[in-house]
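Chemist: Mind looking over this structure? Questions follow.
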Amino acid sequence: AANHAEFKPSAEGSGFYTGGYLGPFDVSLVALIVCGLLASALWEENYGESPAENDDDEKAKSSASGALKKAYYTTISNPDILSCGIISSLFEGSMYIFVFMWTPALTTLAKEELGDEFEGLPFGVIFSTFMVCCMAGSSIFSIAMEKLKPEQLAVTVFGVAAFAFAMIVLSASATSTFLAMNLFEMCVGMYFPSMGTMKGMIVPEDKRAAIYNLFRIPLNFIVLFSLLTDLTPRVSFILCGTMMVVATLLQIRLRTRRIGGGN
């Protein structure tokens, strides 16, 4: 489908391009605009129902700034919530960096190994393999939860993810690097249900949406730092591995507090 439209500037001298591999993204932009217009026209805000003790308190709760302020103080005053936020930002930041870097990393290694025989990588097959491994990780989570608590399983997830990044950094073979990347994708599949379960138990429901928004702030900083500093794939994976080690240590402390009676 990408070959049906030529990749070219939208106008002469323009920095915006259309066609080629950008075609699906151009179409998705139209779909998003249509969805936004329909949502704004047809949806009503769900404010919920809660007994108001006084007008000032109700206004604070209903305002975005008031909700974020309450979420901020709740987060910094509860070490379990704060740990959840830092850990999730570290892992998801590593995941997004991985998304940006796996293609150039594998391509470089394959070119070095094959030389003139290199004709490109089967990116569709590679991505499909990643998704299968991610699905396998989710299945492993379901089995492991019969014997382990999510706090315990998460320690293993982050530790294995750190090991996977170490393999990626130290490996000089495209095959072993690809296997390590699949291992990390399995960790991704286990991470989301593990972290989702922990957040559901730790983060108070009435402030959950605002607190989750706060969690996204350090995550965005991590991803932007990686992109704006133009790190090489190897340095990026070293950064990811370091963040996974920190996440593992923080998760061990969180597990000790909650299972050891700190909750």
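Note that the numbers count up from 1, one per residue, in the order the chain is shown.
The backbone N, Cα and C atoms fix where each Cβ goes, glycine too.
TrEMBL entries are annotated by machine, without manual review.
Residues or ranges marked as transmembrane segment by TrEMBL: 21-43, 81-101, 121-141, 153-172, 210-229, 235-254.
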Chemist: I'd like to know if the transmembrane segment (21-43) touches the transmembrane segment (210-229) in this structure, counting it as a touch only when three or more C-beta pairs sit under 8 Å and are separated by 6 or more positions.
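Modeler: Contact absent: fewer than 3 Cβ pairs fall under 8 Å.
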Chemist: Should anything in the same chain at least six residues away from the transmembrane segment (235-254) have a Cβ under 8 Å from its Cβ atoms, list it; otherwise answer none.
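Modeler: Hits for the transmembrane segment (235-254): 80, 83-84, 86-87, 90-91, 93-94, 97-98, 100-101, 105, 151, 154-155, 158-159, 161-162, 165-166, 168-169, 222, 226.
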